[in-house]
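Marked as domain 'Connexin cysteine-rich' by TrEMBL: 7-73, 219-285. Per TrEMBL, domain 'Connexin N-terminal' is recorded for 134-165. Annotation source TrEMBL lists region 'Disordered' at 297-318. Sequence annotations record features per position, and here TrEMBL assigns transmembrane segment to 51-72, 116-136, 166-186, 206-226, 263-286.
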Amino acid sequence: MAFVIVVEVGCSAAQWCLYGFELSTDFSCGRSPCPMRVDCFLSHAWEKTVFLRIMFTASSVSILLNVVEAVCMLRAKLRRTDGGETLQSGSQVEESFLSRLLALWHSHAGFLGKTVLPVLQLVRIVLVGAAVQPVWSNNYFVCNTLQPGCSSPGYNAVFPFSVHRYWTLQVVFVLAPGLIYFSYLVHLLVTQKQSETGTVIKRQSLWAYLGFLSAVVLLELGFAVGQCLNYGVLLPSMFGLYTHQCDDIMKCYFSQPTEKSVFMLIMLVLALLSVLLTLVEMCMVLKTKKPWKKHEDNRENSIPCTEMMSNDKEEGDA
């Protein structure tokens, strides 16, 4: 853990010293072997700036979480009286752990959450990796001007952030709440006490599942609105542009506009469909589970979580 913190700090400091936090579209260069200072233009400057900040933020969060984890481990070690026995008992993995994890997830997820929504995310991953990437990697962008340095600023003005990288970030951020939710379920099952009841575990995991669905809805809506505002719904074949690097208005043309427009529509429809199905899943869970009501069943409260999971499994087999 200390090694991870040192590496993260070193890489973040190196990134700040070498690249900073923002890249400019145009800059002056006077290094050898150029005899005089020349004006240079960088393509995808805003996109590269966004990724610089994302990587620095991820590194900072990693450092913070590792420091918090190290402090928690030290405090737990100082409080522990029988450290050897606790470590030995904690290292034992129950054979039914995976089945208990899946049973806890299935106890809350409805039909859409178990089948349709995972398949929808899988379809989007396949589309972004196998279909969108080859089409959008062909960024043939030409403008009717011979002035040096006009095409790159024009492309940056039309696409400040590449569309296929935008969709890649969308897939990553939409899948992140699901990973956090499953990690929380693992945490609940690992840290549960023998005296804890199945009702307590189920209520905590139910609220976590609702939070996971809410995060997915917000992320999907945010990325869908961002796509419409930044790129529009359809991609025109010609753009009329004016940048301060060029003297006059220029006309620029993009390759395969129809095919790219089709994929833009497909990804937008998938995002909106994901929002709709997730909202339906939330309504079904709220209607069936009613998490705002406190269940006071003495018999259920007296059953530990491990026994509850085994009973659920026996009922499912029957």
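Along the chain as shown, the residues are counted starting at 1.
The backbone N, Cα and C atoms fix where each Cβ goes, and this holds for glycine too.
With DSSP classes pooled into helix, strand and coil, the tally for the domain 'Connexin cysteine-rich' (219-285) is 42 helix, 9 strand, 16 coil. Of the two recorded stretches, the transmembrane segment (116-136) lies close to the transmembrane segment (263-286), with three or more CB pairs under 8 Å once pairs fewer than 6 apart in sequence are set aside. Per-residue confidence over the domain 'Connexin N-terminal' (134-165) averages out at a pLDDT of 72.
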